[in-house]
Amino acid sequence: RNLGKVIDTLTCGFADLMGYIPLVGAPLGGAARALAHGVRVLEDGVNYATGNLPGCSFSLFLLALLSCLTVPASAYQVRNSTGLYHVTNDCPNSSIVYEAADAILHAPGCVPCVREGNASRCWVAMTPTVATRDGRLPTTQLRRHIDLLVGSATLCSALYVGDLCGSIFLVGQLFTFSPRRHWTTQGCNCSIYPGHITGHRMAWDMMMNWSPTTALVVAQLLRIPQAILDMIAGAHWGVLAGIAYFSMVGNWAKVLVVLLLFAGVDAETTVTGGSAAHGALGIASLFNQGARQNIQLINTNGSWHINSTALNCNDSLNTGW
């Protein structure tokens, strides 16, 4: 609503100036005033949708916070090497969102390649947006960062200055306040999922290629149960204060946004019932025959020869080919 007042001042002032133009002022002024009224109608619709619908009272500040993690990014990157373009999974500098001592928060669909000394090596992807140096997730600095963001959003909402804080945050997006800690390059050709390749990983990789933002949201939703336990055990006061305040005022959409922000950097993917299912899978796997080669023999002139040793589709997924 406060931003709408600024827009109304600009559009109405422009309409008044157009009306003072000699000869053509009357028609131009009328057209400009009609345009100003149209803008006002759009503002009223936005105010109704964001202020009166239950659970949808988003402030500009929270939308700005969410934008730093859900910016659509291409699932493939291209680097230029001596005039030749190569498709790579290595993150460019534009995909790096936040850097800590042992972790990098980046856009989904790539893996950071960090140069240390005279060698470049891939960091281990812990989540679609977080990579670490050695495969362990140091959450101390990332927790402090999320606590600060959510605490600031809660304070701005409680003081009814969300539009002002959101405007300041959006302007701050144009600048880099966090210094670069690592030298990221695109010379590693990292794999998004290192290790044994299974059918599930292949499907997840394809989903990240189709829609990185969808992959990000799904991964965060699956980590919410573990994130709730972590924020209580770790005493994350900024996040807890934000969830408590937004729950008391009935802004459940903001509660979900805070949970997604926290789960994106501070939990492992844990599905409810996953432990029981994993135990049942361990027992059932005892009876699996595993991957095997179906050897086909043919008889030619009284001699038997091997005709084919190719793996079928399921066997190829189990063996990792």
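Yeah, the Cβs are placed from backbone N, Cα and C, and that goes for glycine too.
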> So which range, 53-73, 95-115, gets flagged transmembrane segment in Swiss-Prot?
Replying inline: 53-73
> Pick from Asn118, Asn209: which one does Swiss-Prot list as N-linked glycosylation site?
Replying inline: Asn118
>> Under Swiss-Prot, the annotation region 'Important for lipid droplets localization' belongs to which of these stretches: 48-51, 192-195, 220-223?
In response: 48-51
> Quick one: Cα separation, Asn189 (N-linked glycosylation site) versus Asn118 (N-linked glycosylation site), in Å?
Replying inline: 17
> In sequence order, what residues of the same chain, 6+ apart, have a Cβ less than 8 Å from the Cβ of Asn93 (N-linked glycosylation site)?
Replying inline: Thr184
> Taking the region 'Important for lipid droplets localization' (48-51) alone, what is its mean pLDDT?
Replying inline: 64
>> If I take the alpha carbons of Asn301 (N-linked glycosylation site) and Asn118 (N-linked glycosylation site), what is the distance between them in whole Å?
In response: 62
> For the region 'Interaction with APOA2' (6-57), DSSP counts of helix, strand and coil?
Replying inline: 41 helix, 0 strand, 11 coil
> If you run the three-state DSSP split on Asn93 (N-linked glycosylation site), which class comes out?
Replying inline: helix
